[in-house]
Amino acid sequence: MGLMQKFDEPNIITTSTDKLFNWARKNSLWPLQFGLACCAIEMMSTGMAHNDLERFGAGFFAGSPRQADVMIVSGTVSTKMAERMTRLYEQMPEPKWVIAMGACAISGGPFLDGYSVLMGADRVIPVDVYVPGCPPRPEALIFGIMTLQKKIEREQQVGYEKPRPALVDEEGNIREYLPEREYRQISEGKAHRPKGIKRLPRTYVFQRKGLPPGSMTDVGWIPPEARERLKAGRGAGASGSGEREEGKEGA
C-alpha cells in the first residue's frame, strides 16, 4: 500500500512546513569528510558498496564545505587542525550538523595527554552526535547517521536561522568555544595538557635510541631550550669521557 492510498482524498496531504523540510533534509544529507586519523579508514569503508550508505540518503560525500550540511570529524583533533576544522565549519551553510566519530574526536582518546591534542571536537565546534569506538565500525557510523536523522526530524527551524556563536574572529582565530587560557596556549603554540594530566618537566627529555636530538620522543615534542641543553649535555659528556680516557693513558 502506497502513502497516497492511506487517505480518502489522495490528492491532498496536510502537514507543516517544518515536517516537510525536515523530512527532505534528513533523507538528503551531504556529509563532509574530515578524516584526521585511523577512524577515517572506517569512515571511508562506510561509503563502500557493501555498506550501501545511499539507502539512508547520505551516500554522496560533498567535495566542498559550501555544498555540505554534515561534517564527520574522525580522528585526533590537534591544535593545528582545530583552526582548519573551524574554518570549514564556518563555510558550511545553515542548517548544519556535526558528527564526532571515535574516541579521539569525542574526548582525545589515547592521545589526550599529548601537548597538541584537544579533548574532543566539541571544544571548538558544536557536536550533535557522538559515535564512540576506537575505531568505531561502519555500522556504528551508520547508526550515528540514523540518530542524527531522528534529531533533524524533531527540529523546528523554518523561517529563522539557528543561533550559532561566531567561532572565528576577524583574524581567523578560534575564540568562542575555548577558555581564554586554552585559546592563548593554542595561539602561542604552547604545550596543552588537559586537567589532571601531570605536566612533564621541560628540562628532562627522554630520547629514543637511534634518533637525533630534537626529533620526536616518547614524551612528545622537545622544546627548543631543552633541545639546546640536551645537545650541550651530550657534548660535555663526550668531552668529559675523552679527558678521562686521556687520563687513563697517562697513568
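Just so it is clear, glycine is given a Cβ too, placed from its N, Cα and C backbone atoms.
Since this is a predicted model, take the numbers as computed values, not measurements.
If you look up Swiss-Prot, you'll see CYS38, CYS39, CYS104, CYS134 marked as [4Fe-4S] cluster binding site, on the strength of sequence analysis. Contacts of CYS38 ([4Fe-4S] cluster binding site) defined by a Cβ separation under 8 A and a same-chain sequence distance of 6+ are given as GLY75, PRO135, in order along the sequence.
For 242-251, the entry in Swiss-Prot reads compositional bias 'Basic and acidic residues'.
According to Swiss-Prot, the region 'Disordered' annotation covers 208-251.
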Least Cβ-crowded entry, counting other Cβ within 10 Å, from the binding-site residues listed as CYS39, CYS104, CYS134: CYS134
